[in-house]
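K.L.:
Structure provided below as structure tokens; questions to follow.
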Amino acid sequence: MACLNVVKMRNMGKETVKKKKEECTLDGSVDRHGRPAVRNTSGNWFAAILILVNQGFATLAFFGVGVNLVLFLTRVMGQDNAEAANSVSKWTGTVYIFSLLGAFLSDSYWGRYKTCAIFQSIFVVGLVSLSVSSYIFLVKPNGCGDEHVACGPHSKFAISLFYVSIYMIALGNGGYQPNIATFGADQFDEDHPKEGNSKVAFFSYFYLALNLGSLFSNTILGYFQDKGMWGLGFWASAGSAVVALALFLVGTPKYRHFAPQGNPLSRFSQVLVAATRNWTVKTPPNGEELYEVNGKESSTNGERKILHTNGFKFLDKAAVITSKEESLDNVNNVQDTDPWRLCTVTQVEEVKCILRLLPIWLCTILYSVIFTQMASLFVEQGAVMKTTVSTFHIPPASMSSFDILSVATFIFIYRRVLDPLVARFKKSSSPKGLTELQRMGIGLIIAIMAMIAAGTVELVRLQYIKDSKSLSIFWQIPQYVLIGASEVFMYVGQLEFFNDQTPDGLKSFGSALCMTSISLGNYVSSLLVTIVMKFSKNEKMPGWIPGNLNKGHLDRFFFLLAALTAADFVVYLICAKWYKYIKVQGRNGGNNSGEDNDLRV
């Protein structure tokens with residue numbers, strides 16, 4: 001489509017009017033004033049780069065608090081190890097719960113831009129509050145909070161202010177995260193060939209920006225906080241968050257937007273109620289006789305129509321016209337119908353989409369169990385290895401730097417080498433190389449390899465202990481590198497998959513699914529450790545993962561995770577074969593759909 005802008009030009013002292021055609025986006029995006037977005041003056045990489053840099057600074061700020069929060073709780077707040085670990089688990093889980101809140105508000109009412117701006121502001125306030133409270137009330141006497149000097153007792157007011165601050169940080173970051181990735185993808189028109197490819201590339205660069213931001217937190221900020229410079233570390237995080245918010249706001253005139261689509265819970269409920277009311281009605285053999293509004297767009301604020309698919313036949317009953325006096329010719333206006341009795345095909349397919357996504361999502365949780373080992377058991381394993389090179393001490397947690405470097409390397413290899421190579425030899429009309437589901441499957445395989453590598457290192461380490469030797473911590477490099485490679489395939493593929501396969505009105509919810517997968521991975525990991533310790537304890541051995549790892553069998557736990565992930569991979573293959581890609585009617589009249597067989601190479 002084309003936009004007509006009237007441009008006033010002055011020529012020889014006389015004002016003339018010239019009509020200039022400007023190309024608008026094809027995907028229905030608008031500018032901040034609600035007008036159709038002009039391709040050349042909005043969105044694209046200028047806006048996307050601002051969002052990428054924003055993500056890097058925001059991630060730096062968040063992990064500047066999260067990476068050493070457990071140390072702050074023990075050294076400054078006076079909690080014991082178990083209490084501090086539980087506090088961090090609750091806080092981390094709350095972050096991901098708030099991601100569902102942010103996604104709901106964005107998709108339903110506020111839109112992604114407003115949601116990002118509001119929650120980033122809350123994030124900044126929380127960080128400033130934490131910095132002020134730490135400097136004035138908590139890190140007292142001066143110089144406390146390092147490895148040697150514990151801080152004194154705190155008043156109830158200081159403790160309350162601390163918890164209000166960190167949960168404001170959780171609220172701000174949780175509500176912001178599922179929306180910023182989707183908002184960045186919104187800056188590219190998926191119906192335009194060039195911008196469509198850029199949209200796919202954006203998710204890789206987004207995940208890279210996230211990792212680069214956490215790299216600084218895990219190394220530089222982590223070092224200062226470990227030395228007791230908590231005020232400096234928290235103020236650096238607060239400053240980084242302010243810069244992130246400022247960069248986000250700078251791009252306001254250039255951003256492309258999509259209007260929120262309304263409360264999805266009511267739409268889902270209408271389908272279930274209508275289908276239940278019509279449970280005795282016979283469903284037509286094909287979708288042509290089911291109810292849908294005329295035009296290229298659905299009844300929900302310009303959302304694209306979703307084409308009918310087979311499966312979940314019971315839900316199709318919600319779109320069956322049952323009244324004798326009604327017909328497809330006189331029921332074309334959705335305002336003339338009761339949505340609790342008759343729903344459109346698009347509305348029914350929204351529910352089907354989510355039901356089809358859930359098995360895939362469940363299969364990613366066990367991968368997140370493996371991913372969380374980097375922040376827990378990998379660090380504990382490294383702590384009992386040789387951590388010195390000459391006189392320099394290597395903090396075990398800093399080994400995660402190899403994971404981040406691996407992510408950066410494999411993103412480049414995938415984007416520049418592997419994907420074009422597969423696309424060239426792939427016997428398919430799709431311009432993409434590996435599909436998102438194929439990449440997620442590869443991520444699971446590499447994760448299995450990472451656990452086998454970690455278990456093998458532990459076997460060798462235990463053998464060295466028997467010979468009164470100590471294994472170098474650098475033996476952990478392969479397991480960190482493999483985890484990084486698996487992230488590129490799993491998490492980047494997961495971001496793309498859920499963004500592409502969720503309906504137009506639920507894009508932020510798709511990103512929130514990725515975050516809740518990580519959250520549940522933390523809880524499942526904790527549950528697995530508890531179960532393993534309960535059944536592996538006996539009179540001769542204090543369990544596989546005791547306080548002194550030299551007396552345990554951490555290798556068996558890593559091999560157990562590899563076996564569980566292998567079983568999960570088999571289930572994933574079945575779910576991926578069963579999965580049907582969403583098919584939408586493009587605004588230009590064509591159909592946009594995924595490949596029929598997503599596991600076909």
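Just so you know, glycine gets a Cβ as well, placed from its N, Cα and C.
Note: TrEMBL annotation is automatic and uncurated.
Okay, so TrEMBL annotates it like this:
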TRANSMEM  45-73  transmembrane segment
TRANSMEM  93-110  transmembrane segment
TRANSMEM  117-137  transmembrane segment
TRANSMEM  157-176  transmembrane segment
TRANSMEM  202-224  transmembrane segment
TRANSMEM  230-250  transmembrane segment
TRANSMEM  357-379  transmembrane segment
TRANSMEM  399-418  transmembrane segment
TRANSMEM  439-457  transmembrane segment
TRANSMEM  477-498  transmembrane segment
TRANSMEM  510-536  transmembrane segment
TRANSMEM  556-575  transmembrane segment
K.L.:
Rank 45-73, 230-250, 399-418, 556-575 by Cβ pairs under 8 Å to the transmembrane segment (202-224) and hand me the top one.
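P.N.:
Most contacts with the transmembrane segment (202-224): 45-73.
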K.L.:
Excluding the flanking five residues on each side, which residues at least 6 beyond the ends of the transmembrane segment (93-110) place their CB within less than 8 Å of a CB in that stretch?
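P.N.:
Result: 118-119, 167, 170-171, 173-179, 182, 260-264, 505-509, 511-512, 515-516, 518-519, 522-523.
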K.L.:
Counting only pairs at least 6 apart in sequence, do the transmembrane segment (157-176) and the transmembrane segment (230-250) share 3+ Cβ pairs under 8 Å?
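P.N.:
By the criterion, they do not touch.
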K.L.:
State the residues, same chain only, that lie 6 or more residues beyond the ends of the transmembrane segment (357-379) and have a CB under 8 A from a CB inside it; answer 'none' if no residue qualifies.
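P.N.:
Same-chain residues near the transmembrane segment (357-379) but 6 or more away: 396-397, 399-400, 403, 437, 440, 443-444, 447, 450-451, 454, 476, 479-480, 483, 486-487, 490, 494, 497-498, 501-502, 510, 513, 517-518, 520-522, 524-525, 528, 545, 554, 557-558, 561, 564-565, 568, 571-572, 575-576, 578-579.
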K.L.:
Which sequence positions outside the transmembrane segment (399-418), separated from its termini by at least 6 residues, show Cβ-Cβ distances below 8 Å to it?
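P.N.:
Same-chain contacts beyond the ends: 201, 204-205, 207-208, 211-212, 214-215, 218-219, 374-375, 378-379, 382, 433-434, 473, 476-477, 480-485, 487-489, 492.
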K.L.:
Which residues of the same chain, at least 6 past either end of the transmembrane segment (439-457), have a Cβ under 8 Å from a Cβ in it?
P.N.:
360, 363-364, 367, 370-371, 373, 378, 381, 471, 475-476, 478-479, 482-483, 485-494, 497, 555-556, 558-559, 561-562, 565-566, 568-569, 572-573, 576, 599
K.L.:
Using a Cβ-Cβ cut-off of under 8 Å, list the residues of the same chain that are 6+ residues beyond the ends of the transmembrane segment (477-498) and lie near it.
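P.N.:
For the transmembrane segment (477-498), the sequence-distant neighbours (Cβ-Cβ under 8 Å, at least 6 residues beyond its ends) are 181, 200, 203-204, 206-207, 357, 360-361, 364, 367, 370-371, 374, 378, 399-400, 402-407, 409-411, 414, 436-437, 439-440, 442-444, 446-447, 449-451, 453-454, 457, 510-511, 513-514, 517.
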K.L.:
For the transmembrane segment (45-73), what are the same-chain contacts with Cβ under 8 Å, counting residues 6+ beyond its ends?
P.N.:
79, 83-85, 87-88, 91-92, 120, 123, 127, 130, 145, 166, 169, 173, 176, 180-181, 183-184, 187-188, 198, 202, 205-206, 209-210, 212-214, 216-218, 221-222, 225-226, 230, 233-234, 236-238, 240-241, 243-245, 247-248, 250-251, 254-256, 397
